[in-house]
Amino acid sequence: MPGHLLQEEMTPSYTTTTTITAPPSGSLQNGREKVKTVPLYLEEDIRPEMKEDIYDPTYQDEEGPPPKLEYVWRNIILMALLHVGALYGITLVPSCKLYTCLFAFVYYVISIEGIGAGVHRLWSHRTYKARLPLRIFLIIANTMAFQNDVYEWARDHRAHHKFSETHADPHNSRRGFFFSHVGWLLVRKHPAVKEKGGKLDMSDLKAEKLVMFQRRYYKPGILLMCFILPTLVPWYCWGETFLNSFYVATLLRYAVVLNATWLVNSAAHLYGYRPYDKNIDPRQNALVSLGSMGEGFHNYHHAFPYDYSASEYRWHINFTTFFIDCMAALGLAYDRKRVSKATVLARIKRTGDGSHKSG
């Protein structure tokens, strides 16, 4: 395994955590130290079966004017209607029953975990493994979130990591806050996104029947889980008004989930410190982490995309890590990959911006 030693830390018999330890600085040959030069994007990866989310600094944008934007008017209209409906939903919150507000919040949390613990840390990055009951829960939660099916989301996200801040990055933050937040969903993909994304190895997800099942039945799935169910449950179960159910539990909740996720692509790439790698754009943003339940420690995540915690500090403003650890305690999650403290400190010293408390 290039550049790393693996140690298996056994907690209970059903739970393992793979810890990444820093490699030796060189190897001895004929009594002398032979220094090996290893590209940074290969030096710190620990998954021999997974390279598609590792940053490739050799890729550069082609020179020349960017292609003309092609607006997707269907998406523009639907997003506008959603957010107008969500704003109206805010005015209805005071008239909602307490159960409706609690239901909307729980639905929000489950949806966020379908993104953070599900399509992001499990399926996009393979930072841990999940047994079938947990995978079923996460695929349902991901469908509730309605942010494209797991296969498409993971393909775009792997391209985002591998070709970060280039035209092959689906939500390139160097094209501005609005584009990286939501604008990328309102226009046709840049040709480089299609070209490079189409060449990524997605065989792991193609081989997973659950992921392909969701993709096959995604449209009826989102209609049921994202819109029909959250509207009918408050209305039918505790007599909430239909308008409150639709505008608060459905539209407002859905809009909040979307924007909490989008802020990881926009704000967490533009605002904050870069204690782990000052040479990349992603930042540490605690407010983003609060809304996304752990995805805002973005400089760390792009430096170590294979760490299941997506943060140096595990449970600190990181409910998703807490959730995964709880699932591990129940025997539903295992092989959680974790970067060792020594490796983190070495990276801070080598490429950090000096803002880390370790100095």
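All residue numbers here begin at 1 and follow the chain in the order shown.
Using N, Cα and C of the backbone, Cβ positions are placed for all residues, glycine too.
Judged by Swiss-Prot topology annotation, Tyr55 lies on the same membrane side as Glu208. Per Swiss-Prot, Fe cation 1 is bound by His120, His125, His157, His161; the candidate from His83, His269, His301 named for the same site is His301. When the ranges 33-37, 298-302, 348-352 are checked against Swiss-Prot, the one recorded as motif 'Histidine box-3' is 298-302.
Across the topological domain 'Cytoplasmic' (264-359), DSSP helix (H, G, I), strand (E, B) and coil residues number 41 helix, 9 strand, 46 coil. Separating the Cα atoms of Ser203 (phosphoserine) and His298 (Fe cation 2 binding site) is a whole-number distance of 26 Å.
Rounded to a whole number, the C-alpha distance linking His125 (Fe cation 1 binding site) with His298 (Fe cation 2 binding site) is 14 angstrom. Across the residues of the topological domain 'Cytoplasmic' (264-359), the predicted structure has a mean pLDDT of 95.
Remote same-chain partners of the topological domain 'Lumenal' (94-97), defined as residues 6 or more beyond its termini with a Cβ less than 8 Å from a stretch Cβ, comprise 234, 238-241, 244, 248. Of all the binding-site residues given, namely His120, His302, the one with the smallest number of surrounding CB atoms inside 10 A is His302.
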